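Worksheet for the structure shown next.
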Amino acid sequence: MDDTGAAPVVIFGGRSQIGGELARRLAAGATMVLAARNADQLADQAAALRAAGAIAVHTREFDADDLAAHGPLVASLVAEHGPIGTAVLAFGILGDQARAETDAAHAVAIVHTDYVAQVSLLTHLAAAMRTAGRGSLVVFSSVAGIRVRRANYVYGSAKAGLDGFASGLADALHGTGVRLLIARPGFVIGRMTEGMTPAPLSVTPERVAAATARALVNGKRVVWIPWALRPMFVALRLLPRFVWRRMPR
């Protein structure tokens, strides 16, 4: 079922490039909610969604790392706008791998935002959608989590955990009327990777959003972006470890 026109679409991480691009593609005829820190500064993002055809755009304060606020936020969104049709988890951080290797607090901060906070919010959202008997969840994993590399193992391990959790949650939701889409993009050329040398098969936020929107409409469970990464990682998983540990980012 495509709920995007029938119930609110909520973008958690409404200031992210991928989240913003995906929101524009889901906006036509929909009630949109952008949730992010400093929500009073989302005027430009809200205007873009109105221009894309949203019938209403709301903003909500959201700090992904404030786990205690997740449940009340989801409950208040349902109370104000009705059952959530589509929830997109577009927040996350890359962090500094070199720093994280010696700074435990920084390593934990990366894992907290990219895994723990996602698990918390997904659990609250899944419970609310189960109650409603419908809804769609969109989770952004990464190929960095398919086989974790030495070059970015802190971020990669968080994404590996998220991918596993989301896969299990999708199975748990089977038959409930709630579906979950896992997007697995490769290197994304954007603000978060500014200054870094793009990896092979890199993509833009626009391309990630377009592929994710198509997969959502078509009822897919997983989408690799670009698709060629899927067979590539089938092969990469077979590389001996002594070769794999020398792989660049």
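Glycine too: its Cβ is placed from the backbone N, Cα and C atoms.
Because the structure is a prediction, the values reported are computed rather than measured.
Over in Swiss-Prot, the protein carries these features:
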BINDING   11-34  NADP(+) binding site
BINDING   Ser142  substrate binding site
ACT_SITE  Tyr155  active site, proton acceptor
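Annotated features, which come from Swiss-Prot, shown on the structure.
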{"residue": "Ile11", "record": "NADP(+) binding site", "CB count, 10 Å": "28"}
{"residue": "Gly14", "record": "NADP(+) binding site", "CB count, 10 Å": "27"}
{"residue": "Gln17", "record": "NADP(+) binding site", "CB count, 10 Å": "19"}
{"residue": "Gly20", "record": "NADP(+) binding site", "CB count, 10 Å": "22"}
{"residue": "Ala23", "record": "NADP(+) binding site", "CB count, 10 Å": "30"}
{"residue": "Leu26", "record": "NADP(+) binding site", "CB count, 10 Å": "27"}
{"residue": "Gly29", "record": "NADP(+) binding site", "CB count, 10 Å": "11"}
{"residue": "Met32", "record": "NADP(+) binding site", "CB count, 10 Å": "28"}
{"residue": "Ser142", "record": "substrate binding site", "CB count, 10 Å": "24"}
{"residue": "Tyr155", "record": "active site, proton acceptor", "CB count, 10 Å": "27"}
Tell me whether the residue listed as 'active site, proton acceptor' sits in a helix, a strand or coil according to DSSP. helix
